[in-house]
Amino acid sequence: MTRVPKQPTVAVARKRRTPAPPEETFLGMPAFRHGAKNALANTQQRRNLRHATGTIRAKRAAVVGEVADWEGLRRAGEDVKNDVLAHLDSYLVQFEEQFTKAGGTVHWASDADEANRIVTDLVRATGADEVVKVKSMATQEIDLNEALEDAGIAAWETDLAELIVQLGHDRPSHILVPAIHRNRSEVREIFLEEMGRYGTAAPGDISDSPPELAGAARIHLREKFLRAKVAISGANFAVAETGTLVVVESEGNGRMCLTLPETLISVVGIEKILPSVADLEIFLQLLPRSSTGERMNPYTSMWTGGGSGDGPHDVHVVLIDNGRTNALGRLHGRSALRCIRCSACLNICPVYERVGGHAYGSVYPGPIGAVLTPQLRGITSDIDASLPYASSLCGACFEVCPVRIDIPELLVQLRHEVVEKKSHARVPSANQAIFAGASWMMADARRLTAAQKLASAASRILPKSGHLGPLPWPMSKWSNARDLPNPPAESFRDWWKREHEGGRP
Amino acid sequence: MTGENLEASVRPTAITDPGAGRPGAGKTVALFATCINDTMFPQTPKAVVSLLERLGCRVEFPLGQTCCGQMFTNTGFFDEALPTVRRYAEVFAPYDYIVAPSGSCVGSVRDQHPMLAERTGDRSLVERVRAVTARTLDLSEFLVDVLGVTDVGAYFPHRVTYHPTCHSVRVAKVGDRPYRLLQEVRGITVVPLPAADQCCGFGGTFSVKNPDVSVAMGADKAHHVMETGAEFVVTGDNSCLMHIGGVLSRLNSGIRPIHLAEILASTEGAHP
Ligand code: SF4
């Protein structure tokens with residue numbers, strides 16, 4: 001496969017500094033089923049996803065199975081997060097006090113634009129024209145890299161998978177493993193083609209063995225680490241009691257960013273609060289086991305404010321809302337804010353496994369994306385309205401979620417919201433008419449009986465093969481790839497009436 | 001007529017109970033056939049009737065019943081689901097045991113009816129709904145927990161594989177009851193299904209709202225079923241079975257879908 005990097009179509013005065021992401025934006029994406037259809041046709045991606053999710057599922061199951069009271073741990077995690085969400089106002093103020101006392105500066109951003117503006121100004125104030133980044137979902141969510149690029153500041157992703165995505169002119173398709181849709185031969189091609197344009201090139205004779213690929217990334221990144229004056233991170237947890245931020249990672253590249261530069265800016269969702277340091281005991285068990293399938297992640301970095309010794313002296317946190325208070329105000333939706341972004345629900349999801357992340361039209365794909373995105377953005381677009389339906393409601397996500405988010409229940413509640421929204425349209429949709437009709441029928445057994453008689457009558461004139469093959473629309477949605485059994489000559493209730501009630505059906 | 005005689009004449013004695021001596025003796029069961037079985041798969045509720053009667057139960061089929069309403073609820077049409085909730089609570093109110101051959105519909109009744117009733121703010125409806133939904137059981141639960149049997153006297157000399165449907169496991173929580181029932185069937189060979197816990201892709205209206213993903217999931221399930229070399233694929237839910245069977249049929253796999261109840265109902269003299 002040869003890769004053609006996308007070039008910006010509009011003429012820009014200044015040359016881009018970092019690789020351009022794909023042109024289409026998430027919000028402009030079509031409804032889920034269209035994106036899903038394209039994704040299903042990508043057989044390489046399907047093989048990659050099946051392999052990767054299968055491996056990580058097995059690892060998770062093994063390390064979760066060895067915890068004596070995993071259920072108790074899940075409930076403890078759920079309780080702490082529920083407490084945080086119920087008293088978020090006071091915990092946030094407490095966090096601000098403590099963070100400030102420790103020498104850091106707290107900034108508040110109500111939406112993505114405001115957060116991007118704050119970060120851009122902070123970077124500009126240092127005089128730097130580039131930053132290194134720790135893997136962070138919050139900065140993906142606000143599309144910080146592009147905001148910085150527009151301001152002439154280069155943002156370098158340093159997480160290996162994020163680097164692959166960035167160099168590949170791609171979008172992340174997974175919370176934890178953003179390049180999960182790529183296999184190593186694709187990674188090799190991306191490195192060979194792109195690394196040299198943005199820094200140290202990959203060796204020309206590089207193979208697709210993981211150690212060689214990691215080695216190339218190490219050399220490419222090291223140069224950026226040593227040069228960087230500013231780092232940008234997210235945080236897995238923000239401890240209110242002490243004002244401490246916590247980042248959990250596997251590679252150590254995050255640790256490099258968090259310790260080498262002089263200025264550290266962390267962009268953190270307001271729901272990341274934990275009341276006390278002691279609560280980490282629960283979450284540092286729940287997260288790695290659910291996430292990477294490890295007992296403990298290799299690197300856990302914690303910092304409380306700035307200082308005059310080693311590490312960054314100038315420390316900032318930008319606390320972002322960006323739709324979170326919207327979700328917080330919902331009785332059912334609120335529970336989605338318990339999410340610790342472990343990605344267990346993505347890895348277990350049969351829909352995600354086949355379709356991958358891009359069809360979800362958001363940096364949050366999979367089951368959690370399907371319930372979080374429509375709440376953060378509001379159900380404003382086709383893609384948002386289709387997300388709650390992007391699930392067979394099999395319930396596997398709820399079973400693995402370390403903070404017990406009942407995702408199937410949330411999906412059903414959000415579907416109800418979509419239906420309500422559409423019911424205000426002046427012209428009722430075909431869907432509404434069908435369900436209103438079916439509801440009328442099911443309200444009264446006599447009406448159901450009448451419908452069954454029609455089906456039985458049809459069965460008498462249908463071919464005797466026992467099943468129906470391809471049928472015209474709308475039945476084609478079923479029958480394009482599946483046969484349908486012939487309706488029986490007699491419904492159960494007619495048989496019952498004949499046999500037991502002595503009456504004529 | 002003396003008082004003593006009168007009492008003796010109206011109280012049924014053990015001798016007159018047709019189920020006497022059998023596990024279901026003295027138990028009256030209301031069969032909730034479910035709309036899809038009633039309309040498309042009448043052989044399944046018929047099998048439930050013959051099985052439960054064989055075990056000594058008295059089976060009634062309240063004719064006012066329609067549907068659990070799950071297709072409305074799960075698509076987001078809560079108001080449209082409500083008539084089925086009211087109807088269900090009314091029709092089944094008189095019964096101690098309401099039994100359905102569907103983990104999914106039972107799950108919907110127990111899990112979603114109370115939520116839908118709560119939305120109306122009508123306390124008396126909520127009370128009635130809670131009472132009746134708590135008495136609703138999947139066939140496998142009724143057999144194992146209430147009748148206390150796993151050997152139901154069935155005979156089915158075939159190689160089968162069982163797919164535990166998602167809602168039967170994760171919503172109704174029937175656990176390993178269907179396996180225990182299958183294991184006791186004489187003549188049967190039960191082959192484990194690879195990746196059994198993965199969804200088959202039916203998902204109610206998901207199967208037509210996202211047909212491509214649904215079929216991709218169904219194709220994987222069908223391939224796993226074929227790997228087992230089974231003659232029959234068994235589930236406790238005809239809706240999922242219609243999907244898996246539809247894919248298997250299109251592939252001309254020669255593997256037949258069958259509901260658990262039909263296997264449990266078959267005996268030496270009569271099996272499909
Ligand atoms: S919803 Fe639960 S399982 Fe999914 S990413 Fe969040 S915490 Fe993990």
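Even glycines carry a Cβ here, placed using N, Cα and C.
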Per TrEMBL record, range annotated region 'Disordered' [choices A:1-23, A:300-322]: A:1-23
Average model confidence [pLDDT] within the domain '4Fe-4S ferredoxin-type' (A:336-405): 95
Secondary structure content, the region 'Disordered' (A:479-505) (per DSSP, counts of residues): 10 helix, 2 strand, 15 coil
Tally of residues which DSSP labels helix, strand or coil - the domain '4Fe-4S ferredoxin-type' (A:336-405): 42 helix, 0 strand, 28 coil
